[in-house]
Amino acid sequence: MTTYTDKGEKHEQGRFLCFDHLTFWVGNAKQAASYYCNKLGFEPLAYQGLETGTREVVSHAVRQGKIIYVFSSALNPGNKEMGDHLVKHGDGVKDIAFTVEDCDFLVQVNTPSYNLLTSANPLYPPVATIMHLPYFLLSQKARERGNDSSSLCVFASIRPCRPSGKLNFIDHVVGNQPDDEMVPVVDWYQRNLLFHRFWSVDDKQLQTEFSALRSIVVANHEETVKMPINEPAMGKRKSQIQEYVEYYGGPGVQHIAMNTSDIITAIRNLKERGMEFMSVPDTYYSQLRENLKHSKVKVSEDLDVLQELKILVDYDDNGYLLQIFTKPVQDRPTVFLEVIQRHNHQGFGAGNFKSLFEAIEQDQHARGNLTILTPNGVSKNM
């Protein structure tokens, strides 16, 4: 594991502040929004559709804390762009939007990138697309001044009848790339958005008996926006990253980590709502207890409760984090979610990767996708 201290060049203006929202292209926006409200405790925020004068695309925005997700679907069968996207990728993240200080300036200085990059890959986007999404402008106006647009319906806050998800803000967004495509994407963020390398691990550190991956985290200068970029590495069998790339039809957002200040209550509430999470064996906690005896860090949460809820713990000499991952939130084994709580620890759970990957490999095996890899990277059935 490598941690970088050089933050590189700082923006003269137009700082990146935080994640603003994520836009998903889905087959049924209404049902997708309802899933996130019912399973994760989000509330309806805004709507665009036929009733508001929008004839081509319908969008439902939901919010919890500072997290905003927008789910969009085509209204007409002739929408080739959205139709082709769904056939290839299934439901997934189309756009990542950032809150910035001076959007016009950033678009102006990145105009050459806009001309060169025409890919629909949400991890390698034209800057104007990532920050100038029309729905972003509408929803931001609605949040600031109320409903002043005839094309947008804003919902009043709804008193939840079920326990809160206790999710506060987007901690980081993780992307998967095909083999050998991670570094070019990282370079793009460094060159065009002045992000810097924050953290990285290679396949010698991130491996199980069967599979491996490499990861580089990029961040803005203030390190309020962090984006891990993964790629598969050669192993005995198909890795979870390769499985994602195959089922998503290319690179894309693998998971979204949502920060909470009380992960125990959050996971209890989300499980009560019916959210499904990945599990780890009890031996993980036996080893954790033994390792913590020799650590400078003291975990304040009850380890028995963490074991009951299957919450993972990672730590160093300065602090620790708690994290847990959902199962995929659609039928394709692509996008899933993470809930994370930090205690003076800014890592990404590297100490948990082996346990997490082994849990994912169990699910891969159940799907028939933990296949043997030949030396040329082609998979074959066991």
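Note that the numbers count up from 1, one per residue, in the order the chain is shown.
Cβ atoms are placed via backbone N, Cα and C, with glycine included.
Keep in mind that what you see is a predicted model, and the values were worked out from it rather than measured.
The domain 'VOC' annotation in TrEMBL covers 18-157 (among others).
As annotated by TrEMBL, domain 'VOC' applies to 169-327 (among others).
Per TrEMBL, the feature Fe cation binding site maps to His172, His255, Glu338. The 10 Å shell around the Cβ of Glu338 (Fe cation binding site) contains 23 further Cβ atoms across the protein chains shown.
A 10 Å cutoff on Cβ-Cβ distances gives His255 (Fe cation binding site) a total of 23 other Cβ atoms nearby, all chains included. Neighbours of the Fe cation site: apart from His172, His255, Glu338, residues of the same chain with C-beta atoms within 8 angstroms of the site's C-beta centroid are Asp171, Val173, Val174, Pro228, Gln254, Ile256, Ala257, Met258, Phe325, Leu337, Ile340. Model confidence over the domain 'VOC' (18-157) stands at 76, taken as the mean pLDDT rounded to a whole number. Counting only residues at least six positions away in the same chain, the Cβ atoms of Val217, Lys226, Met227, Pro228, Ala257, Phe348 sit under 8 Å from the Cβ of His172 (Fe cation binding site).
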